[in-house]
Amino acid sequence: MADGKGKDESGKLLYCSFCGKNQNEVRKLIAGPSVYICDECVDLCNDIIREEVLEADAEGDEERLPAPREIRNTLDDYVIGQDRAKRVLSVAVYNHYKRLRADVKSEDVELGKSNILLIGPTGSGKTLLAETMARLLNVPFTIADATTLTEAGYVGEDVENIIQKLLQKCDYDVDKAQRGIVYIDEIDKISRKSDNPSITRDVSGEGVQQALLKLIEGTTASIPPQGGRKHPQQEFLQVDTSNMLFIVGGAFAGLEKVIRDRVEKGGIGFNAEVKSKDSEKAMGDILAGVEPEDLVKFGLIPEFVGRVPVIATLTELSEEALIQILTEPKNSLIKQYVHLFAMEGVELEFREDALRAVAHKAMARNTGARGLRSILESVLLDTMYEVPSLEDVTKVVIDASVITGDSEPLLIYSQQEESKVAGKDG
């Protein structure tokens, strides 16, 4: 190794053979046969090797495509219920990526792309299903809100912004982005105002559907590179969307009425089955019978409906399902809060009646699983504020009365405190 003064035995100043810095500008300079390398270049080489190893591992993971049953089992770890939707999604996603990996280019058989439409109430798990799927397959994933989109040239986000967000998620690696998953939420909010073609400009409804058509079907989008307007001289990135999987979702409030009207119209005449109001189907059962014509009647244009041939319906979560969501998934909310308290050395216990009270409250708010975290945050806020400053607290117990606001959480102190209390009681 060169000496600390930055000179060799002959007094000559030494330089890194890679970056050109002299020894006075770096911490270490390692000598080889007629060459030198500094500690900064060593770190850089390590980073390059580490990235290549990670990429090779990721490519190795991509080579093995999990079977539909494996995909379904992974979804079960994170999403409670929605069995039919999981099955539909597992098969659709498996076939999509099988199509990409097979790369069939035959004159006889061309495998088309099957994008997915998720229909279900707020908080039923639409976004979580798509997100979990992307994580399992190790592909880039982004979420877009259809209500913020407008036609190009109008105030709002262009549909190309969706692809830019996906590129950002994978550090502008175009090849990775082209195999990613895009979830567009609130798609029902861009339905046209009537089922007749619009003669006036509808920039946030039918216009957005038209703009999304090519993107979903497959087109080459020109996306500004990193920096965007700051570096206008840079060439635009060309991103092919034909291999991206698009999942669109929405609550579609009122769709059940459209379906019911169609079914009832089909049951008119002497042979019609007479149904009483008592025999009305549950909302989930009605939505499960959705047909493309119902979606067109609701306000989606026929061309858009044709681009999302796979339809999966999700049911509204019951109180029992919400209790399961609180405790059973791998990253359940209760497990998260238990871990947070454990980091303070405190055990957190939720009684069974407390879990039921939380689920009941979420049902009353009609927010599905999405409302569970806000309820727990509200209940635990003061405790999370106080506990880090309190000594000797070993356990916090939450029961139903805490959830309803009738009492405070029970704090249990260490054995010394408990013995003092026992002595006083004695």
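The first residue you see is number 1, and the count goes up from there.
Glycine is no exception: its Cβ is also placed from the backbone N, Cα and C atoms.
Under the heading domain 'ClpX-type ZB', Swiss-Prot lists 4-57. Annotation source Swiss-Prot lists Zn(2+) binding site at Cys16, Cys19, Cys38, Cys41. Feature annotation from Swiss-Prot assigns ATP binding site to Pro121, Thr122, Gly123, Ser124, Gly125, Lys126, Thr127, Leu128; the stated evidence is sequence analysis.
Taking the Cα atom of each, Gly123 (ATP binding site) and Cys19 (Zn(2+) binding site) are about 54 angstrom apart. In sequence order, Gly120, Gly249, Leu314, Gly368, Ala369, Arg370 are the same-chain residues whose CB sits within 8 A of the CB centroid of Pro121, Thr122, Gly123, Ser124, Gly125, Lys126, Thr127, Leu128, the residues recorded for ATP being left out. Taking CA atoms as the reference points, Cys16 (Zn(2+) binding site) and Ser124 (ATP binding site) are 59 Å apart. By the criterion of other Cβ atoms within 10 Å of the residue's own Cβ, the least surrounded of the binding-site residues Cys16, Cys19, Leu128 is Cys19. Closest to Cys41 (Zn(2+) binding site) in space, going by CA atoms and restricting to the binding-site residues Ser124, Gly125, Lys126, Leu128, is Leu128. Its Cβ placed at the centre, Cys41 (Zn(2+) binding site) has 18 other Cβ atoms within 10 Å. When the binding-site residues Pro121, Gly123, Gly125 are scored by other C-beta atoms within 10 Å, Gly125 scores highest. Cβ-based neighbour count (10 Å, all protein chains) for Ser124 (ATP binding site) stands at 27. The DSSP secondary structure for Cys38 (Zn(2+) binding site) is strand. For Thr127 (ATP binding site), the Cβ neighbour count at a 10 Å cut-off comes to 16, with all displayed protein chains included. Sequence-ordered, the extra residues of this chain that approach the Zn(2+) site, with Cβ no more than 8 Å from the Cβ center of Cys16, Cys19, Cys38, Cys41, are Ser17, Phe18, Gly20, Lys21, Val26, Leu29, Tyr36, Ile37, Asp39, Glu40, Val42.
Calculated from their C-alpha atoms, the gap between Cys38 (Zn(2+) binding site) and Pro121 (ATP binding site) amounts to 59 Å. Cα to Cα, Leu128 (ATP binding site) and Cys19 (Zn(2+) binding site) are separated by 47 Å. Non-local contacts of Lys126 (ATP binding site) by the CB criterion (under 8 A, 6+ apart in sequence, same chain) comprise Leu118, Gly120, Asp185, Gly249, Leu314.
Note: the CA-CA distance between Ser124 (ATP binding site) and Cys19 (Zn(2+) binding site) rounds to 56 Å.
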